[in-house]
């Protein structure tokens with residue numbers, strides 16, 4: 001858990017006091033004694049694959065190619081290429097089936 005100093009905004013550290021643990025600021029004299037167990041869990045919402053690829057709008061102006069869909073075997077697919085790793089590695093090609101009823105997505 002990360003708490004911030006209300007006086008200067010810096011991160012507080014946990015240190016051992018005389019009677020209890022406490023949150024203390026290294027920059028200013030702010031100290032907050034811990035009198036009970038402090039727990040707080042936050043689970044971040046994971047991004048959808050579409051969010052990473054620019055959402056539905058990213059597929060509006062892409063070209064199609066003769067790549068068969070592995071799900072419905074439609075003969076064509078839309079594609080776009082993105083650099084997902086290091087610059088010295090090849091780009092990743094993302095495909096979306098041209099069949100509107102299928103819409104399957106995969107990468108190469």
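Backbone N, Cα and C define each Cβ position, glycine as well.
Remember, it's a predicted structure, so these values are computed and weren't measured experimentally.
The Zn(2+) 1 binding site annotation in Swiss-Prot covers 5, 8, 25, 28. Following the DSSP three-state reduction, the secondary structure of residue 8 (Zn(2+) 1 binding site) is coil. Residue 8 (Zn(2+) 1 binding site) is surrounded by 11 other CB atoms, counting those within 10 A of its CB over all protein chains shown.
Annotated Zn(2+) 2 binding site per Swiss-Prot: 69, 72, 98, 102, in sequence order. For residue 72 (Zn(2+) 2 binding site), the same-chain residues 6+ apart in sequence whose C-beta sits under 8 angstroms from its C-beta are 97, 99, 101, 102, 104.
Here Swiss-Prot flags 5-28 (among others) as zinc finger, drawing on sequence analysis.
Residues belonging to the zinc finger (65-107) score a mean pLDDT of 91 in the model. Swiss-Prot lists 65-107 (among others) with the feature zinc finger, giving sequence analysis as the kind of evidence.
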- [ ] Please name the residue among the binding-site residues 69, 98 whose C-beta has the most neighbouring C-beta atoms within 10 angstroms.
- [x] 69
- [ ] Sorry to bug you, but what's the C-alpha spacing from residue 98 (Zn(2+) 2 binding site) to residue 5 (Zn(2+) 1 binding site), rounded to the closest Å?
- [x] 54
Task: Whole-number Å value for how far residue 98 (Zn(2+) 2 binding site) lies from residue 25 (Zn(2+) 1 binding site) (Cα to Cα) - done: 58
